[in-house]
Amino acid sequence: MAARDALQARLEQGIDQLGLRLPAGAVSRLLDYQGLLERWNATYNLTAVRDPAEMITRHLLDSLAILPYVHGASLADLGTGPGLPGIVLAIAAPGREILLVDSNGKKVRFLREAIRSLKLEGVRALQSRVEDVEGQYDCVTARAFASLADMLGWGGQLLAPDGLWLAMKGKRPDDELPGVPPGFTVRGTHALSVPGLPAERHLLVIGRTSAGSLDGAAPGDALH
Ligand SMILES: C[S@@+](CC[C@H](N)C(=O)[O-])C[C@H]1O[C@@H](n2cnc3c(N)ncnc32)[C@H](O)[C@@H]1O
């Protein structure tokens, strides 16, 4: 219990530093999710991060850092792995339809168990390659998944016309910008400061190029 108390203090402090307010019970559910991940990870190797305190920072707080950018009533998290950022966002911002997609069967088995045991309503896990997924979502998230060119090439069809694609990256991915396919434009690049994480983190917010607009011509111009 003492260990959980210490993790809870670290998580709550990080949430405060991010300037977030989460719904009642969310912190406890996030710790339950992490506990489940730690247990499954001992057998199934779902994440290379094994230290619980490091998981709080590198998984929970890093995922929560994009919460202010989450948009609309539906969200698809592509290449979600063990549910990052998708399950964290499902707990922190409930009330959305959320699809978690991964091609790896053991990760999807974990996701289904997490959805069941955490009673995550409106959340579904799909074992599939992103290329084969159908539907459209107001928000698409992807962390540590693929280059911008690949992720938009494989999954661009999933973004609703007014949707926002949130691509989570480490260093600012200037070298990937020329690969953004036609029809999409980078609306902003945000340097994220994740409490306790010294590494650089960036969020690219990508939308569809609106008809008649030139903003897809030079994605770098949209950066700030
Ligand atoms: C490096 S992991 C990142 C997992 C998680 N998003 C995170 O940040 O911890 C990339 C994940 O993408 C999945 N993946 C790779 N290519 C995929 C594809 N084409 N369709 C669906 N999932 C894919 C892998 O199975 C893996 O779980």
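Sequential numbering from 1, following the chain as shown.
In case you wondered, yes, glycine gets a Cβ from its N, Cα and C as well.
Automatic prediction, not curation, is the source of TrEMBL annotations.
Note that the structure is predicted; figures quoted are calculated from it, not measured.
What TrEMBL records for the S-adenosyl-L-methionine site is Gly79, Leu84, Val130, Glu131, and among Arg96, Arg143 the residue it adds there is Arg143.
Looking only at other Cβ atoms within 10 Å, the busiest spot among the binding-site residues Leu84, Glu131, Arg143 turns out to be Leu84. Neighbour density for Gly79 (S-adenosyl-L-methionine binding site): within 10 A of its CB lie 23 other CB atoms from the protein chains shown.
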